Amino acid sequence: MHANPLSSFNRAQHGNLTNVEASQVKSAGTSSTTNIDSKNIEEHVADRLSDLGRPDGGWFFEKSLGTLKNLNLEQLAGIHDVLKLTDGVKNIVSFGAREGGFELAMQFRHDLYRSQHPDENSPHDAATHYLDAISLQSNKFTKLEKLQHVDVFKMQNPFWDVGYKNGIAHAKKMAFFITPEWLGSDFCKQEFQWLSETKNKDIKSAFVIFKDVDLKSKNMTSIFNFADFHKSRVMMASTPPESGLNNVKIENSVDLNFKRLLTDRESWELNNFLGD
């Protein structure tokens, strides 16, 4: 997601998904070590993490669980599950969750799924179009905590960055919704850094830039330079009064912020890019 290990999202978020999507989210990431000997799981996980490259400052789980050698078998299985889940990522989306960014990403993901699977009952992999708040929801180490006095949960997984980096390593496309909130998030900017550093040289990228972004900022200069060098697609979103996206029904939820919108043409262009 945009991604923040503490991803805020509105109550009954499952309402963003069809029944098929929701059931597959629940089943896609059940922790299992059936295809790897438990005696070798530490070595296997260590090799995979080494190949991904340790982030600046260390893996997120090191802050709460300790180094890889300190992890027990269940925790190692949790990492293995995250890696297995994100090996199938096709597209990955980076967004700032605040000020309507989360709702925009969820709407766009929903429309992208439906364009590829017009039949609501058509099966698909829940992690194909990766938003970490949703795609890691089935992992047993993902925890939800309701924030007091507001209709919002936060989601936390100690292995979120493992999944995100692995998603980038396998994805064919990566799209960024660039907003002031994205630029203000260290997690979002870290995702851009991971794209810059990935060994996946076949990944293509697109940047959807909203009109309230300071185009002359240092961060935007880095993005434009990257996009120019890698021939990324750059779209300037017009932020219309009405969205070209289909509204996603989120039952029993209040105060959703649909500030971030795309026109029909903008939505079609990005959908077409990710759907190739």
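Keep in mind that glycine also has a Cβ here, set from the backbone N, Cα and C atoms.
The model shown is predicted, which means the values in this text are computed figures rather than measured ones.
Swiss-Prot assigns the feature region 'TIR domain' to one of the listed ranges (165-214, 215-264), namely 165-214.
Cβ contacts within 10 Å of F187 (site 'Important for ADPR cyclization'), excluding its own Cβ and spanning all protein chains shown: 22.
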